[in-house]
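Participant: Before anything else, here's the structure in question.
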């Protein structure tokens, strides 16, 4: 049944056209649209792109890190830039929560983007929109698809430390992941599989494969045995990099085939049981995946075009999770780390 939801190239175009038609609506009912900054900051996209390209020259991980920031922001009280806020007395930031502390990165680059935009167009481009623009640029610059980034979000004024504990986790099973996607209004099959494809680039710590509760190498699900779904040669390779009781912070390629390229090899790896995270392999190997997410993995593994089209649409869907557009509820921060 899942296969009937794709390919979605036409859906991508239609979704953008429908939303673009609503761009003339303003105020508390404002809609996101591609040309939101056409008059107020026409060079916004190019300004963000230039900062990101310069940052990538010294940090090849930055593109993957930035799209992760957007994901972790949107899944907690919507795409409102709340993840970017620093902790202050009376408000503990999402960035200090367990899913983010020590792993969420790229904040100084966001600061640099914001500074460049403030110099060109003071008080115009929100931090939440910076994350959306940066995500699309990061994917395109890594060889992936482009899409019309819908803009016009305002920045929220609070950060939800407790809510960030509900982010999808790398050790969770398919049913839990599907439930968390549905809870924010996304599809638990196509959006889950497509957005998980962002793991086709970037790095991940050994803790996510060799330590509890994610231990797939030594004590999977309390069995004192490795995860039986993991390819034995891949498991042996990871065991060398992530020995039992070793350094949990050692980094590994999420996609060992093309680690810095945005392509469909994430899915071809899963097809041969070489998904790094439990949440990755669950999309194919879970009994629940049969007839739901597994056919989508198969489709994306065989067709990069199908993956790219669905990923673009799912990024648009994710960017529409509870955006703040009412000026009484949000603002354009001058500094992404604190409210005005």
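Using the three backbone atoms N, Cα and C, a Cβ is placed for every residue, glycine included.
Remember, TrEMBL labels are computer predictions, not curated facts.
Pulled the feature table from TrEMBL, pasting it below:
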type: ACT_SITE; residues: 72; note: active site, proton acceptor
type: BINDING; residues: 73, 76, 78, 80, 82, 94; note: Ca(2+) 1 binding site
type: BINDING; residues: 168; note: substrate binding site
type: BINDING; residues: 199; note: heme b binding site
type: BINDING; residues: 200, 255, 258, 263; note: Ca(2+) 2 binding site
type: DOMAIN; residues: 31-340; note: domain 'Plant heme peroxidase family profile'
type: SIGNAL; residues: 1-30; note: signal peptide
type: SITE; residues: 68; note: site 'Transition state stabilizer'
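If you look at the structure here, what lies around each of the features I listed?
Facilitator: The number of other Cβ atoms within 10 Å of the Cβ belonging to residue 72 (active site, proton acceptor), over all protein chains shown, comes to 22.
Cβ-based neighbour count (10 Å, all protein chains) for residue 80 (Ca(2+) 1 binding site) stands at 29.
The Cβ neighbour count for residue 168 (substrate binding site), using a 10 Å radius over every protein chain in view, is 20.
Residue 199 (heme b binding site) has a Cβ environment of 22 other Cβ atoms inside 10 Å.
Other Cβ atoms within 10 Å of the Cβ of residue 68 (site 'Transition state stabilizer'), summed over all protein chains shown, number 22.
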Participant: Taking each of the binding-site residues 73, 94, 255, 263 in turn and counting other Cβ atoms within 10 Å of its Cβ, which one has the fewest?
Facilitator: 263
Participant: Taking the centroid of the Cβ atoms of 73, 76, 78, 80, 82, 94 (Ca(2+) 1 site), which other same-chain residues have Cβ within 8 Å of it?
Facilitator: 72, 74, 75, 77, 79, 81, 83, 156, 159, 160, 163, 164
Participant: I need the neighbours of the Ca(2+) 2 site defined by 200, 255, 258, 263. Which other residues of that chain put their C-beta within 8 angstroms of the C-beta centroid, in sequence order?
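Facilitator: Other same-chain residues with Cβ inside the cutoff are 201, 257, 259, 261, 262, 264, 265, 266.
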Participant: Between residue 168 (substrate binding site) and residue 263 (Ca(2+) 2 binding site), what is the CA-CA distance rounded to a whole number of Å?
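Facilitator: So the alpha carbons of residue 168 (substrate binding site) and residue 263 (Ca(2+) 2 binding site) sit roughly 22 Å from each other.
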Participant: Mean pLDDT over the domain 'Plant heme peroxidase family profile' (31-340): what is the value?
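Facilitator: Mean pLDDT for the domain 'Plant heme peroxidase family profile' (31-340): 96.
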